[in-house]
Amino acid sequence: MTLQPLTPVNCAGLLQPGCSLLQLDGEVLLFGQKGWPKRSCPTGVFGVRFKRGEMKLRAISFSNDSCYLPPLRCPAVCRLDPYDGLPESYLIHGGRTPNNEISSSLYLLTMDSRGCNRKLTLRCKEKELVAEVPGPRYGHTMSMVQSRGKTACVLFGGRSYMPSGERTTESWNSVVDCPPQVFLFDLEFGCCSAHTLPELSDGQSFHLALAREDCVYFIGGHSLASDSRPPRLFRLHVELLQGSPLLSCETLDNGLSISSAIFTRMGPTHRYIILGGYQSDSQKRMECTTVILDEKGIHFEPVETPKWTPDIIHSRTWFGGSSGEGSILLAVPTEGRPSQQDMHYFYQVSFQTEGETREEDGTLGCSQESTDYDDSTPLEDSEELYFGREPHELDGSSDGEGDAYNEEDEEDESQTGYWIKCCLGCQLDPNTWEPYYSTELHRPAMIFCSRGEGGHWVHAQCMELSETLLLKLSQGSKKYFCLDHGGLPYQEMTPPRHIIPLKRITMKAKDKKRPLTIKMSPAKKSFFRRLFD
């Protein structure tokens, strides 16, 4: 067990209480926050990377057919392992937005594709629920159960605003515990049913829910009605019968007095470790507990706690989430210290042995994706440099094929997709590539050579270009050729644009305003001249 301090690199303000950490396709994703220090990021989902004691974030993009996913805090998040040919995914329900709006929507988050250099693209779809639909809430839980070859989702607990009929001027924004109902819905048809059980008599929020097969265990939680955290432990048994489901609940004695705790899964078995949380409003729970789910039930075992730092011991609040199997990201506030610019201290708690940690580090080191990001502001394209080409020319080109999913690319990216578009003397190895220019975030900077059939791409590093020259070329409007086609980075100017002059349409004679004139004969003119003289 280790406790390692982390240094956030321009991302400390993005992690706030209520955020969620997801693990999808081997990556750790931060969900629930919105914004980017240098550039806008409308998605609100970031990839989290840990390297040499530093924590860095990278914005994650969504597919074009995705719906908008608002930044939700304290939602119910449930992981769906691959089953029946469906990929691994996450269900996200409810949550509270930064504008204190409570959501009632259900989203399904999956991986869309792996593009060039293993760039992750997500897909988000909103699932519609029918029948007895749960209302908007936050601080609740969702769990997956399997019974008789069927799969369903269990939703329980949470808080919401006081009903509109009970609100007054003083309690307009007051929150209350949701009724202690258990909602059960299937993912295929979205049909939802509400169940009231006599054992669940009080509202429960910010509790833990651990599921194994057809049983769900509700651990701890906070009740607003009594303002307490009793050591509660319920076991919910779900039978998915052919007609209507059958639910039964049992109260167990060996519960925990805890709320807002963090848990992480240890391997493929049903073994978890609980860390953090609160025993009361002014007392944190500093112990760690192992939870084991088996055929006999649930078992709790104490675990040796990390050597807490003084900042963690004396802090009033803390939060975080699971950053992988046996790993937890922990954050504590700086308590208003003027010398500390960041708002929180960050730590990574690892419950793995040293051998497992080294093996995991070695696996991450073989990734093709670079984890070094520069603090400098990227170029407008920020991912790839296009030289001497207009935006309309890029729409129909084949340069973006690396972003599309291709099954052959998964076998050997060094021979397919993005990497073949370079010169014969290319010295870059895609398996060991590291950023060379500060503008390279996800891919090597490349120059498009116009010679040959359809042209080809050449790495800017193979052209022996300096970063200053690379930035200068990116701002021009010239055609470029590689060293094999002329020996110079550029030779010809792109033809100037033909600007069509504006035609000035003359106004019609009848529309023109002319001065008022009076037609008179010479005799009348002579008469008036003598009259006024």
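Glycine is no exception: its Cβ is also placed from the backbone N, Cα and C atoms.
Unlike curated entries, TrEMBL annotations are predicted automatically.
What TrEMBL lists as region 'Disordered' is 357-413. Residues or ranges marked as compositional bias 'Acidic residues' by TrEMBL: 371-384, 396-413. Residues or ranges marked as compositional bias 'Basic and acidic residues' by TrEMBL: 386-395. Look at TrEMBL and you will find 417-495 tagged as domain 'Recombination activating protein 2 PHD'. What TrEMBL records for Cys422, Cys426, Cys449, His456, His459, Cys462, Cys482, His485 is Zn(2+) binding site.
Cβ-based crowding with a 10 Å cutoff singles out Cys449 as the top-ranked of the binding-site residues Cys426, Cys449, Cys462. In the structure shown, across all protein chains, His459 is the one of the binding-site residues His456, His459 with the greatest number of other Cβ atoms within 10 Å. Take the CB of Cys482 (Zn(2+) binding site) and look out to 10 A: across all protein chains shown you find 25 other CB atoms. This prediction places the mean pLDDT of the domain 'Recombination activating protein 2 PHD' (417-495) at 66.
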